[in-house]
Amino acid sequence: MVRNLTKKSFALSALVAASLMASGVMASDKTEPRNEEYKDKFSKQYNSWHDTAESKEVVDMLEEVPSLVVLWAGYGFAKDYNAPRGHMYAVTDVRNTLRTGAPKAATDGPMPMACWSCKSPDVPRVIEEQGEDGYFTGKWYKGGAEIVNTIGCGDCHEKGKSKLRVSRPFAERAFETLDTPFAKASKKDKQSMVCAQCHVEYYFEKTKDKKGFVKFPWDQGVTVEAMETYYDNLEFKDWTHKVSKTPMLKAQHPGYETWKLGVHGQNNVSCTDCHMPKVKNDKGRKYTDHKVGNPFDRFEETCGTCHEQSKEFMVNLTKERKVKVADLKARAETQLVKAHFEAKAAWDAGATEAEMKPILTDIRHSQWRWDYATASHGVAAHAPDEALRVLGTSVDKAADARIKLAQLLAVKGVKQPIAYPDTSTKAKAQAALGMDMKKMNADKADFKKNTLPKWEAEAKKREATY
């Protein structure tokens, strides 16, 4: 039945539409953030994307590796760090982590708006509506009712289409820095560049005109040394270490950078070749599997398209590489934990800033290199040789710091061995740093109970106007 509009009802409808447009609640012309809107047109891709929900196990990495608590002392990751899960959990996990705190207002909390930047297609929507200044200004809480749809279709595809796109301006600027603008890239390169909007190293700028903006530190290249030099020239630090007072760098997840340096990247094997292969449905029709995960789960469609070796051979080879990387990673962690506490002992013994500067530089560089290698998820497959090389330099620099500390402590009259606190478990390490985990967890529980439902209600109301 056709609805007959009176002049009065028509005028009212027009007024409501104008009001919605003025208030900025209309969906963006470029981005449809609601993943379910793609379900009918791209059903096979949508259903496989939805299957990333199967990656639901929560693995507490601080329980697995308690030394991480010490390495990140004074930084949010010492509170809480879980292994990454499937794309379906991106928004859920950033809401639940202790790192984002328990803010109660838009001006409250430890984290900036930029912490949403890789979690949702709502991010490009808000940037398109408000501009980057509008999006990046303020605290993380501000985006709570806006950033609600998890990583999905609109992050990598043009609105309502399968055509790939880079949806984040800061990523496009980074590609231009490497002289590879997305518009001029090959189809194969684009298949990796859409992933590189998020699976990269980044930091939050502190310049006057781009305060809080996300930036990839690629101005001098993507190697660990190039980015280290870039940060050093800026005198940039993510935080000051609570124990050693070192101006620290926190690597995020430079998967794209390490992939480029490895055998797959050097041979132009894209991210999607291994993690989102072409597969056949029950009718024999090919489509791109959007269940991003372990290539060995789809061996014939991934590794098997290039490698003649058996799945068993390739799995065992990767396991061997993981063991080698893990061994060197653990050695670096042991050296760094001791270096941090020995640096504290030197400060306590009266060391000056001038005496400590070269030591803290060694610690900074060592931990940055350790983090660059270990935060690059999948590095044992992507670039095992580069991982071992970088971790080797991390161990060397930590050892350099400890040799200098031993000499300085002797000069300061410290003749007894340094007493290291018990950091053998997550709880003991956090207690040694004076962290009130009981309060943090209680505050987070209150936040989840009282704030998250408000965000969901506001988002539902807004999306009903699209």
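Every residue, even glycine, has its Cβ placed from backbone N, Cα and C.
The candidate list HIS264, HIS275, HIS290 contains one residue that Swiss-Prot assigns to the heme c 2 site with CYS153, CYS156, HIS157, namely HIS290. Residues CYS195, CYS198, HIS199 are recorded by Swiss-Prot as heme c 3 binders, and the candidate that the same record lists for that site, out of HIS87, HIS307, is HIS87.
Record check: Swiss-Prot places CYS271, CYS274, HIS275 at the heme c 4 site, and the matching candidate among HIS50, HIS382 is HIS382.
Here CYS271 (heme c 4 binding site) is positioned 7 angstrom away from CYS195 (heme c 3 binding site), judged by their C-alpha atoms.
For HIS87 (heme c 3 binding site), the nearest of the binding-site residues by C-alpha distance turns out to be CYS118; the candidates were CYS118, HIS253, HIS264.
In this structure the C-alpha atoms belonging to CYS306 (heme c 5 binding site) and HIS157 (heme c 2 binding site) are separated by 27 Å. When the binding-site residues CYS198, HIS199, LYS250, HIS290, HIS382 are compared by Cα distance to CYS303 (heme c 5 binding site), the shortest distance belongs to HIS382.
Nearest in space to LYS250 (Ca(2+) binding site), taking C-alpha to C-alpha distance over the binding-site residues CYS153, HIS157, CYS271, HIS307, HIS382, is HIS382. Its Cβ placed at the centre, HIS382 (heme c 4 binding site) has 24 other Cβ atoms within 10 Å.
GLN252 (Ca(2+) binding site) sits 12 Å from CYS115 (heme binding site), taking the CA atoms of both as reference points.
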